[in-house]
């Protein structure tokens, strides 16, 4: 194997050091310019617990959520942590640049940091699609590009389509899933004989542990920027609870021997949180949230069967962690549900007299979702092509899904 594949010492550490130096300089400029600061509408003592929940969810929850491959545990958790801590700093600076250009509302302190951590959810989701195939150099470049494009997509939705800031940020699941799928489609497919891209009971147990952490902290994620915090927390919890129960029911009904499948539980229990993310703050009746949680779990489990057996092979899509049916499809369902519920609410308020206004509102809402998906797919394809150039040291297919390619691993803990 050529040495340029086996040794990243000449690229990854120096790129990280360069980014750290650049970030230090940019934060110094940020301090010297002293951008006009607006005090957070939340006091630090009240806002910090919610920020802490979201931080735990993104770093710990998603870090273990990605531990699905039997020989890729170190890389799943380690690379996720590296990308998060680098990406949060970059995200803060990108948002400050948009504030400086008057393309984004100003924020300061923990609120700005919380938005940066939430933006990194897109990167964590996209990483799941290319898990085991992209090397650290490629992942860092993907993170930087995705953050910039995601912030630009949010800015377009806010500026031209007048989407509220909190809702524009909730497009993070939609953007992350389809950006990751587009990037993964440009990577060479693993050969049929390569069996390292499978799980073991141990790896599935760690992955479900991450799922449980994400599940527990998801109400804080959906409510941290919402105006009606109590409604957002209650609706999110009800949607998550129903989606978890439905996941167990459908798992037993769809398996051949009537037993529960951990892969179903791993993906479908989170569907309710994704589906309700756009409407958690506005739903007044818990039964609506419960229906959305049920539908989200149904579309996840049924979608996993259809996509993996029919759709993915036909389009040659690669999705290591199943982010399409775990986050992508529930996000699409949530987007459609948001349009329907907003139209029904406004129609009832106006007694269905102003149909032209309703049509314009539907057009604006659909335009925001279509813009997000289009930006994710187009830029994801371009990013995937860039990542597979020789300059970024593409990993040979035979070394996919293997920790030993990047980490010092004791032979005693390598699964057979």
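Cβ atoms are placed via backbone N, Cα and C, with glycine included.
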- Note on the structure: Range annotated transmembrane segment in TrEMBL (choices 205-225, 394-414) is 205-225
- Taking 12-33, 254-275 as the choices, which stretch does TrEMBL tie to transmembrane segment? 12-33
- Query: By a Cβ-Cβ criterion of under 8 Å, what residues six or more beyond either terminus of the transmembrane segment (165-185) are in contact with it?
  - Reply: 105, 115, 118-119, 121-130, 133-134, 142, 146, 149-150, 153-154, 157-158, 222, 225-227, 274, 277-278, 281, 315-320, 323-324, 326-328, 330-332, 335, 368-369, 372-373, 375-381, 383-384, 387
- Task: Could you name the stretch, out of 12-33, 205-225, 287-307, with the greatest number of CB pairs under 8 A to the transmembrane segment (327-348)?
- Result: 287-307
- Message: I need to check the long-range neighbours of the transmembrane segment (54-73): which residues 6 or more away from its ends have a CB within less than 8 Å of a CB in the stretch?
- Response: 80-81, 84, 114, 117-118, 120-121, 124-125, 127-128, 131-132, 196-200, 202-204, 206-207, 209-211, 213-214, 217-218, 220-221, 224, 266, 320-321, 401-404, 414-415
- Please give the sequence-distant neighbours of the transmembrane segment (287-307): residues at least 6 beyond its ends with Cβ less than 8 Å from one of its Cβ atoms. 234-236, 238-244, 246-247, 250-251, 254, 263-264, 267-269, 271-272, 274-276, 279-280, 317, 319, 322, 324-326, 329-330, 333-334, 337, 341
